[in-house]
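*Asks:* I'd like to ask you about the structure that follows.
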Amino acid sequence: MEGGPAVCCQDPRAELVERVAAIDVTHLEEADGGPEPTRNGVDPPPRARAASVIPGSTSRLLPARPSLSARKLSLQERPAGSYLEAQAGPYATGPASHISPRAWRRPTIESHHVAISDAEDCVQLNQYKLQSEIGKGAYGVVRLAYNESEDRHYAMKVLSKKKLLKQYGFPRRPPPRGSQAAQGGPAKQLLPLERVYQEIAILKKLDHVNVVKLIEVLDDPAEDNLYLVFDLLRKGPVMEVPCDKPFSEEQARLYLRDVILGLEYLHCQKIVHRDIKPSNLLLGDDGHVKIADFGVSNQFEGNDAQLSSTAGTPAFMAPEAISDSGQSFSGKALDVWATGVTLYCFVYGKCPFIDDFILALHRKIKNEPVVFPEEPEISEELKDLILKMLDKNPETRIGVPDIKLHPWVTKNGEEPLPSEEEHCSVVEVTEEEVKNSVRLIPSWTTVILVKSMLRKRSFGNPFEPQARREERSMSAPGNLLVKEGFGEGGKSPELPGVQEDEAAS
């Protein structure tokens, strides 16, 4: 593409696009020449730079994708590490194979300029060539996006700000850390759009091997859309529930280790997910599970989120979340319960509590004991862990730190997981980062995308072929494995949504 525009074909709007693209090129180049930010407390290596041509402008330098070997440094390979070496397969999360979340990963792209071109079968937004639609939903659509300079595909989500703001922000959260509220003073009241930008600023800085990565956000202040670019995980959900072929106990153990580390990282960042389930656990090309979909998540102050409303997927809800007591409940304990249901699904291919009717399902969750089928047979240690995770009393339910030490998880101590200090560092967001959490698109340019990307309103799993979606019934009888809390349309397992209360300190 050297010497020519990065467009699919020539268009009558090309001259206007070129003129807009040429604005502030000098400022743009100066902005690109700034110091490289650190990632998760680790200084990045020098970046290789690759030219990407923007219509009507000089070549703009974009970061080249780092090699995989630069990002997969095992915690146990550190000289100071104390973990035992172990032989493990490509999906192992044991000592010899776990990828360090603190190893450098490429920073979130900051787009200082946007150029759009349109053709009958192609739309290009900056360096992204938008391809097939891979998901549709109540809040927007998901398109496959190809970055030519990196030769890499991403998932671009186009979200409706009107629908987001109708639900008072996505995900809803209290004021940022360090505010007066955190110091015992009066809480700062945030406008809905401010909440959106603050949460985007947090999500952009989350950097963990077991959490889906947000790459870039673009915003058109005069139009209804936010454009979010995420890592594309082609393998999709780790499991569809129900299924006839559940995982072996060993495979379930390896996947659970990934989920627990990702969950501990989120809790360290003071985020409760609130919708852990197999369809929100996506499998990366490296064989590791990554937590996705923060549509009903909450961020909290203090040690834990104190919640008072129900959200998430009925079959994965904890007893206290569906209680009529009116009392607040622990956000962390909710995540542990949902992870326990997920672990049960891993080994049995179905949820522990199933019913066609929501009230009957709630009654079973609150009152009935966990039943272990005769087939497949599982170990007593695994049964012990499941029962502790599905303890109906949140006060006595096992926590993430104790799950990490459980004999079934560690193979009786032979394969310990890294400590919180080794794989978590707290993300802090400054006011400047919140202000710059999105890049603005000139309003006239997005008319093309509005017409080409917002044609349909209902959607399913963005990583699932359409034919398969039509053939497969919903995940559970009565659609009780489908997320609650959305008044308009369905929701993809990986599309952000917005239906939550405020988390109390």
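Backbone N, Cα and C define each Cβ position, glycine as well.
Pasting the feature list from Swiss-Prot:
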MOD_RES   S67  phosphoserine
MOD_RES   S74  phosphoserine
MOD_RES   R78  asymmetric dimethylarginine
MOD_RES   S100  phosphoserine
MOD_RES   T108  phosphothreonine
DOMAIN    128-409  domain 'Protein kinase'
BINDING   I134, G135, K136, G137, A138, Y139, G140, V141, V142, K157  ATP binding site
REGION    167-189  region 'RP domain'
ACT_SITE  D275  active site, proton acceptor
REGION    435-440  region 'Autoinhibitory domain'
MOD_RES   S458  phosphoserine
MOD_RES   S475  phosphoserine
MOD_RES   S492  phosphoserine
*Asks:* What whole-number Å value do you get for the CA-CA distance of I134 (ATP binding site) and D275 (active site, proton acceptor)?
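*Replies:* The Cα atom of I134 (ATP binding site) is 22 Å away from the Cα atom of D275 (active site, proton acceptor).
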*Asks:* Rounded to a whole angstrom, what is the C-alpha distance between D275 (active site, proton acceptor) and K136 (ATP binding site)?
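*Replies:* Their Cα atoms are separated by 20 Å.
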*Asks:* Just counting, how many other CB atoms are there within 10 A of the CB of D275 (active site, proton acceptor)?
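*Replies:* So the Cβ neighbour count for D275 (active site, proton acceptor) comes to 28.
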*Asks:* Across the whole of the region 'RP domain' (167-189), what does the mean pLDDT come to? Round it, please.
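*Replies:* Mean pLDDT for the region 'RP domain' (167-189): 43.
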*Asks:* Provide the number of Cβ atoms within 10 Å of the Cβ of K136 (ATP binding site), excluding the reference atom itself.
*Replies:* 22
*Asks:* According to DSSP, folded down to helix, strand and coil, what is G140 (ATP binding site)?
*Replies:* strand
*Asks:* Taking 10 A as the limit, how many CB atoms besides its own sit near the CB of I134 (ATP binding site)?
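*Replies:* I count 24 other Cβ atoms within 10 Å of it.
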*Asks:* Which state, by DSSP, holds I134 (ATP binding site): helix, strand or coil?
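*Replies:* Looking at the DSSP assignment, I134 (ATP binding site) belongs to a strand.
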